[in-house]
Amino acid sequence: MAHVLSLRVLLSAETNRSSFSSKSLKLDKRTKTSISAPRKGNLNPSHKTQKVNLEISPHRAVSAVRLMRIEMGGAFADLLNEKGKGSGANEMGYVGRTLGFRTRDLEDRDLRLVTDIVGGTIRWKRYLDHLISSLCHDANTFTRMEPLLLQILRIGFYEIIKLDMPPYAVVDENVRLAKVALRHGAGNMVNAILRKLVLHMENRSLPLPKLEGDDRTQARALATLHSHPVWMVRRWTKHLGQEEAIRLMMWNNSDPSFSLRANSGKGVSRADLVRKLDVLKVPHELSFYLNDFVRMKTGLQMVIQAGLLKEGLCSVQDESAGLVVSVVDPQPGESIVDCCAAPGGKTLYMASLLSGQGMVHAVDINEGRLRILKETAKLHQVDGVITTIHADFRTFSDNNTMKCDKVLLDAPCSGLGVLSKRADLRWNRKLEDMEQLKNLQDELLDAASLLVKPGGVLVYSTCSIDPEENEERIAAFLLRHPDFCIDPIGRYVPPDFVTEHGFYFSNPVKHFLDGAFAARLSRAI
């Protein structure tokens, strides 16, 4: 079980930092029907054994159930395990409990389709819902639509519009799913709406908003066309300009790429990792910026199934996160605090660079995630230089007299730099979150400063591209703490990542990496 949990953490290690509370995904305000509501043909818990329905497309059934789980409160990143077949050992059990029947087991091709459909449908939810509501008989049809029926329609629309699947095959398969999972009338509705979509596609007349009018009207149109919340569009248009905001949204909607970090702490070199990938015939290229990293666009499931992560040979970690560790610049013998350590991607990387000398003190408020980090450290053979501490860092620093060479505060943030990988995150974040996050970041920065020894270094980082969470937090901190000053990071990362103020910043559109920020601050001797 430990390796399953550690893999789950590694897969989301550099994106889950953005979660600053334990709140699960909120239900769409328009959705009123509970997933547990009894309905003909589904959700009958008394049926302990169910027949396998070979007429239903398994990838569509599983996709619909995953989408239901996500929208009704499941965690997006936790829907993968070591086989890529969903949370827990028996994904088809979820299908059976939700739909009232089982399908054949998923094959590798089905798995790839599920991953594509679930991620894509979530990314394009606003766009798809606009089209679905426009093609319904009236507005009430959409607002009163039951959740499972809506997910089936979203899947059908996504397959036709974005995956360019044969339209009438998509119609037939999704109608069949709706009839069996819900009732005959639901299938008729799916048939009518999807056929309207096909007709509009053939006539190139999709009912989409035009980019015209005042700024607010244009922001709403862009939010629909590129499927983002309106507040994000307005914020990015203000900070970046409309053209750059559009490019950013296009990046967020693209298929995410991944990087693997060879586990040097276990003696695995990048050359060793490349040989493993060559044997698996996984397309890859070497990182331009980091010696231990390899980039890949496809093939992650093959890496997982081959056991490379399970054996601790490598980790899934974006290069943007690796460059934050470069800013820290861990050296053998140093004492380092990772203030909000879980899920532990940066902790593990820093530990691997200590060559067995020194210590990384990993502090986190979540005891369960710390336990997983500890297990993963053993797997990576760096547990000798990692100490886990279960505490709220804000109170820990007040009650602790330790002073360290370096302190990394990888702060809870909005996660606006990782929306390509975290398809669900754009719908979870609200504008009011930003103010709460800024207050928390200030509190954590103040707490982190207490553990830096004279002449030591404090590194503040986020996976956000928002200046209010980045440059503005540093400016406010320096006003409160005149004994700290900016240590320009030009010595630690390639020049292309260095801002005019000496900070590290990875721009998704420019660098084709996750968005990230880091500031290196030195304390006076």
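Note that the numbers count up from 1, one per residue, in the order the chain is shown.
In case you wondered, yes, glycine gets a Cβ from its N, Cα and C as well.
Note that this is a predicted model, so its numbers are computed, not measured.
Listed in TrEMBL for this protein:
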- 21-49: region 'Disordered' (REGION)
- 248-524: domain 'SAM-dependent MTase RsmB/NOP-type' (DOMAIN)
- Cys340, Ala341, Ala342, Pro343, Gly344, Gly345, Lys346, Asp364, Asp392, Asp410: S-adenosyl-L-methionine binding site (BINDING)
- Cys463: active site, nucleophile (ACT_SITE)
Cα-to-Cα gap, Cys463 (active site, nucleophile) vs Asp392 (S-adenosyl-L-methionine binding site), nearest whole Å: 21
Number of Cβ atoms other than its own within 10 Å, given for Lys346 (S-adenosyl-L-methionine binding site): 27
Largest CA-to-CA spread of S-adenosyl-L-methionine binders Cys340, Ala341, Ala342, Pro343, Gly344, Gly345, Lys346, Asp364, Asp392, Asp410, angstrom: 19
Least Cβ-crowded entry, counting other Cβ within 10 Å, from the recorded positions listed as Cys340, Ala342, Cys463: Cys340
Residues that sit under 8 angstroms from Asp392 (S-adenosyl-L-methionine binding site) by C-beta distance, when 6+ apart in the chain: Ile365
